[in-house]
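**Q** Annotations for this protein, taken from Swiss-Prot, read as follows:
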ACT_SITE  His47  active site
BINDING   Tyr50, Lys90, Asn501, Gly538  ATP binding site
BINDING   Glu92, Asn539  Mg(2+) 1 binding site
BINDING   Ser93, His94, Asn95, His96, Arg115, Gln240, Glu312, Ser313, Gln314, Ser541  substrate binding site
ACT_SITE  His94  active site, proton acceptor
BINDING   Asp116, Asp268  Mg(2+) 2 binding site
Amino acid sequence: MEKDVVSLQDALEHGLTAEEFQKIQEILGRIPNSTELGIFSAMWSEHCSYKNSVLKLKTLPTSSDKLLAKAGEENAGAMDIGDGLAVVFKIESHNHPTAVEPYQGAATGVGGIMRDIFTMGARPIVSLNSLRFGNPDEPRNKYLLSRAVKGIGDYGNSLGIAVSGGELFIDECFSKNPLVNAMTVGIVRHDQMASATTGGQVGNAVYIVGATTGRDGIHGASFASKDLSKESESKRSAVQVGDPFMEKLLMEASLEAIQKGLLIGIQDMGAAGISCATSEMSAKGKTGMKIDLDLVPFRETGMNAYEVMLSESQERMLVVPKKGKESELVSIFEKWNLNAVRIGEVTADGFIEIYMGGKLKAHIPAESLVLGGGAPRYERETKRPSYLDAVKTWKPNSILDITPGANTKDVLLNILSSWNVCSRKPITEQYDSEVGLVKLIGPGLDGGLSSIPDTNKALATATDCNSRYTYLDPYKGAQFAVCEAARNVYVTGATPYGVTNNLNFANPYIPENYYMFSECIRGMGDACRFLGLPVTGGNVSFYNESPEGPIFPTPTIGMVGILQDKKKFLSNFPKEVGIELAVLGNFRPSLGGSEYLKKIHGQVNGSIPEIDIKEELELCKLILSLNEKGALKSARDLSLGGIGIALSKTILFSGLGIDAELIAFKQSRLDLTLFGESSTTVLVGFDSSWKEKIREQTEEKGLKFYPVGKTTSSELLKLKDIGVEVSFSELNGPYEKGLEVVFAL
């Protein structure tokens, strides 16, 4: 055994605590060497071990009769969708790498989540991304956003995977710490699902396949587990470098090997690289592995064991083939011009045994390294932030109301131009949403809807979180995120199936931050339980803060749903003249946390909209029932920007006009009526012959029917009772120009 003895100071510099260093010595029965310390530091980092979050995550609902792979069991969640098929999906972050090197940081985030899907045997069919950036008027933020979007587009387009949707949210708190959350969804037959395990098959060979190994990404896992600082800019070596064309070859070769039944197990080498893949596969299979690092294909010379074990070079997999299938495995990967090299074997003793240069470099129990095994687990101290009570003292009468006529029109156009409302075309046009011929409802609308190849089914997808809401009220804000994601799925006509989450928070050792995290988990869990939605997995990203302060808490919700008959999909907007419009649900608007309050008055304040999850469930059932009966022509979520923005976007997407009267929506203030935001509300379109039946069925559910008006051929938004008339061109100008400056050549 190599004995370059390390000290407590070395451990602290690797991000371990004194207590953790002591625990490592107890596990090994000795002081670790430098390679072993590096392995423990990566595997016990927040990024890999979830040590400060796993106890909270265990409170989330994870049960469903449709589940095929529960949270934490595999690389991604898997759910039965009928006919022998499963949907496989997951969301993950690449926040800190994007802050340092936005193009590669965002691109490799896409690559990593793609590998999580196809290592399970599923072919990715759509991807989404949820982005948070600072004000693009500032040059650095503009650079980060534009380069991140290009990285996402270039990588995904090269793989040939359609983008079905996503979201962008802009706020100053994300200036030094942007968020890039990437989600991928794939489809697989039940009998072709793969697992990240050795399968207990002692003596089987272990192969590394795909790209060569270099020094890129070393310390990537630990880099993602620290606060961003002024020195972070120098940590570019911790950012991985991606090759999407290599990933495409790796995907095809891996899927071919899986479909031909050659493999016992397969694992992506993402965070912590070989360290993670060997330990996780071994622990799951209750075995060990003996690995010779001299056999690893290198792209750089002079790498030592520490560097090889911690390298996060992209587009690599660790596979355990079935005995007798090794040559066939190698032939497949060689056909795709990829490496497939035997580097070791599965052992019975449960230890990860690493050799290089003929010397034993590491000897560690696999179970001691992994989440759910020997990795530490903590529940941190919480303290309710004092500002949460202060913001609730804000009253709408502290700001001037808008007045009917020109003032209202000006405010409407101003909100339409805001970063969080305006057109996403400058972003979505960089993504290929048509590849694979699966798009039914594309990016830029409430939720995406894509055909599932060779079936009559369609897949609905959405990502959602209003970061201002969770900042103002973490419990209700997280509930709102779950409900809005579900709403954006069911307005396509699809039934919500399951949730994946990306929990973006600040330093968990600060009690106020951990309180926000805990409350968001509680809110998310309560909402998912009531809606009957299992949480199938996801990602936790702590330490999202800079010297200027923490980000807003952002528990991004990824949602999938299934429409059994894709011919019954619902449009986001009406397509004919004379269609009746109404809002179904319970309109309880609030200006607290609204886009109006931020854009027009420069404030993030107040109480966020009330939310009743029982009503949300009833509204979901109502929309799905009405659609099944053929009663609806369109449906869209009513949230950011209120009824005023929802009607404006309906005109912009349909090219029609709307004659509306908002008497049924009238509140004590005009700004509250037009721009107040509400949960549990959907704007629907229908033929007039259905009006009374829809009203009756809505009221039977304990919900309300709010008549709006009709579509016209005028291309005008007429709010008759408010005295506002706005043309398509007047709406379109500010809406389209909002993000153009960011992506202008």
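Glycine residues also receive a Cβ, built from the backbone N, Cα and C atoms like all the rest.
What's the neighbourhood like for these features in this structure?
**A** In the three-state DSSP reading, His47 (active site) counts as helix.
According to its DSSP assignment, Asn501 (ATP binding site) is in a strand. Neighbour density for Asn501 (ATP binding site): within 10 A of its CB lie 32 other CB atoms from the protein chains shown.
For Asn539 (Mg(2+) 1 binding site), the count of additional Cβ atoms within 10 Å of its Cβ stands at 25 [all protein chains shown]. In the three-state DSSP classification, Asn539 (Mg(2+) 1 binding site) falls within a strand.
For Arg115 (substrate binding site), the number of other Cβ atoms no farther than 10 Å from its own Cβ, over all displayed protein chains, is 28. A helical conformation is recorded for Arg115 (substrate binding site) in the three-state DSSP classification.
A coil conformation is recorded for His94 (active site, proton acceptor) in the three-state DSSP classification, outside any helix or strand.
Long-range C-beta contacts of Asp268 (Mg(2+) 2 binding site), restricted to its own chain and to partners at least six residues apart, with a cutoff below 8 Å, comprise Asn75, Gly112, Arg115, Asp116, Thr119, Ala277, Arg316, Met317.
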**Q** If you skip the near sequence neighbours and keep only those at least six away, which residues in the chain come within under 8 angstroms of Gln314 (substrate binding site), Cβ to Cβ?
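**A** Spatial neighbours, sequence-distant, of Gln314 (substrate binding site): Thr108, Gly111, Gly112, Ala211, Asp216, Gly217, Gln240, Val241, Gly242, Asp243, Met246, Glu247.
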**Q** Test of understanding: give the count of other CB atoms lying within 10 angstroms of the CB of Ser93 (substrate binding site).
**A** 27
**Q** Taking the Cα of Lys90 (ATP binding site) as the centre, which of the recorded positions listed as His47, Glu312, Asn539 lie within 10 Å of it?
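**A** Checking Cα-Cα distances against Lys90 (ATP binding site), the recorded positions within 10 Å turn out to be Asn539.
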**Q** Check each residue in the chain of Gly538 (ATP binding site) that is at least six apart in sequence and keep those whose C-beta is under 8 Å from its C-beta; list them in sequence order.
**A** Ala71, Lys90, Ile91, Glu92, Thr500, Asn501, Asn502, Leu503, Gly558
**Q** Any idea of the Cα spread of the substrate site, Ser93, His94, Asn95, His96, Arg115, Gln240, Glu312, Ser313, Gln314, Ser541, as a max distance in Å?
**A** 21
**Q** By Cβ count within 10 Å, point out the most packed of the binding-site residues listed: Glu92, Asp116, Glu312.
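**A** In terms of Cβ crowding, the pick is Glu312.
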**Q** Can you tell me whether DSSP puts Glu312 (substrate binding site) in helix, strand or coil?
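**A** Going by the DSSP assignment, Glu312 (substrate binding site) belongs to neither helix nor strand, so it counts as coil.
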**Q** If you draw a 10 Å sphere on the Cβ of His47 (active site), how many other Cβ atoms land inside?
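**A** A count of 27.
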**Q** If you measure from the C-alpha of Tyr50 (ATP binding site), which of the recorded positions His94, Asn95, Asn539 fall inside 10 Å?
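**A** For Tyr50 (ATP binding site), the recorded positions whose Cα atoms are within 10 Å come to Asn539.
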